[in-house]
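Taken from TrEMBL as is:
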type     : residues : note
TRANSMEM : 47-77    : transmembrane segment
DOMAIN   : 51-482   : domain 'Major facilitator superfamily (MFS) profile'
TRANSMEM : 89-106   : transmembrane segment
TRANSMEM : 118-136  : transmembrane segment
TRANSMEM : 142-163  : transmembrane segment
TRANSMEM : 170-192  : transmembrane segment
TRANSMEM : 204-227  : transmembrane segment
COILED   : 240-267  : coiled coil
TRANSMEM : 331-353  : transmembrane segment
TRANSMEM : 360-384  : transmembrane segment
TRANSMEM : 390-416  : transmembrane segment
TRANSMEM : 454-478  : transmembrane segment
């Protein structure tokens with residue numbers, strides 16, 4: 001629309017004004033602004049996803065070792081003539097040794113940073129894997145196993161902490177579950193490697209299986225050129241400007257980044273102001289709020305392992321052999337099916353963990369695992385050695401790893417990385433990882449001996465009872481943390497937990513304004 005010219009007595013007139021053209025101009029400006037915001041949002045999502053991806057590569061190493069050792073040990077027994085006790089030590093020692101890496105990881109990551117701790121983990125593991133691949137004896141094999149265990153302990157502890165610290169609130173659960181996805185991917189690759197190289201000679205096959213595990217750590221060198229340091233660690237070290245730059249890249253809006261930075265600075269100021277006790281003193285003699293955090297974090301880590309998941313994964317060939325499969329190639333092929341199941345369901349869990357919540361997934365997981373473990377126990381005890389027994393045993397083994405992967409697997413690490421305050425997060429998470437590794441080691445190092453004493457079916461009956469206890473633990477003590485910033489979760493524990501209908505609910509922190517944005 002154009003306004004007509006206005007003049008006096010047909011004289012000179014004001015120039016015509018095109019309202020429509022101006023409106024189109026403003027609309028284009030708004031459109032350009034929206035497009036810029038969409039571009040920034042898309043770029044921040046891709047950047048955070050890339051950081052989570054590369055930070056999780058160390059976890060492939062753990063998964064690969066777990067998966068490949070289940071098959072490689074069959075050939076190691078023949079090549080190096082190791083005993084059953086040595087087999088248990090070889091398999092289970094990784095978890096025990098890795099706890100030292102996890103303990104060191106807390107202090108190391110506070111000193112040199114989250115990013116460079118991941119680099120150290122990859123380097124140590126590479127060295128251990130190379131030693132194992134050329135080991136001429138059980139003793140040298142254990143030296144390599146020791147180095148690999150320390151590297152894995154460092155990597156497993158630091159990845160969830162790093163990802164939780166760089167992730168925006170609304171996507172933290174999704175992104176922090178990446179390490180568990182990569183563990184499962186590593187397990188699957190280990191199973192595939194076993195099957196692929198099983199046709200080689202006994203002396204060569206297991207060495208190639210172990211040597212392939214070096215490859216993922218090579219990519220970590222490239223990752224160091226891509227990922228930034230944790231903004232929360234940078235604030236602790238007084239590098240606020242660098243922290244702001246990282247937060248600007250990882251948050252969709254600048255005001256949200258500034259808000260996160262203010263929360264982090266407030267949390268860090270407590271430590272700098274001397275209001276808090278030294279970290280390990282507070283962990284050993286915790287305040288009521290920290291005690292609740294430790295019970296939840298340490299407890300969920302222990303339950304993840306004492307329900308027998310590592311026994312199922314490490315010894316799946318032994319379990320299926322007990323069910324009636326005798327051919328080694330068929331055994332290794334069946335373990336590939338277990339690995340595929342585990343990987344598929346962890347992928348499903350990552351897309352549900354923020355929308356459904358942590359606690360509902362834990363309910364489904366622990367109840368499902370309990371039923372599958374009991375059913376596997378019944379099958380091995382009463383239906384084994386026949387076609388029906390083999391089919392049901394494989395079904396319940398796959399069911400157990402599926403239910404584990406849908407909840408207990410990823411949620412355990414997510415919770416541990418997000419419930420502790422900034423000043424305690426790295427070392428408290430390390431303490432939780434120690435509990436996880438100790439329980440894993442106990443299960444892995446005793447499974448064969450216990451199975452000989454009370455049968456494989458009896459052992460899984462014990463696991464089913466422990467899994468039933470984990471249901472009670474989740475019901476009584478685990479809070480829902482999805483949709484809250486790390487600083488809000490800290491306030492939640494400080495404000496106390498209120499019980500409503502059997503659920504652990506937020507106290508004062510629930511009244512904070514929640515600014516949820518779609519990720």
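Backbone N, Cα and C define each Cβ position, glycine as well.
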Check: Which sequence positions outside the transmembrane segment (204-227), separated from its termini by at least 6 residues, show Cβ-Cβ distances below 8 Å to it?
Finding: 50-51, 54-55, 57-58, 60-61, 64-65, 68, 71-73, 75-76, 79, 115-116, 118-119, 122-123, 125-126, 129-130, 132-134, 186, 190, 193-194, 197-198
Item checked: Considering the transmembrane segment (118-136), which listed stretch of 47-77, 89-106, 360-384, 390-416, 454-478 counts the most C-beta pairs under 8 Å -> 47-77
Notebook entry, point to check: Can you give the mean pLDDT for the domain 'Major facilitator superfamily (MFS) profile' (51-482), rounded to a whole number?
Noted result: 84
Margin query: I'm a bit unsure how to read this: which one of 89-106, 170-192, 331-353, 360-384, 390-416 has the highest number of Cβ pairs shorter than 8 Å with the transmembrane segment (142-163)?
Written below: 89-106
Item checked: Tertiary contacts of the transmembrane segment (331-353), as residues 6+ beyond its ends and Cβ separation under 8 Å -> 67, 70-71, 173-174, 177-178, 180-181, 184-185, 187-188, 190-192, 194-195, 198, 312-313, 316-317, 320-321, 325, 361, 394, 397-398, 401-407, 409-411, 414, 482
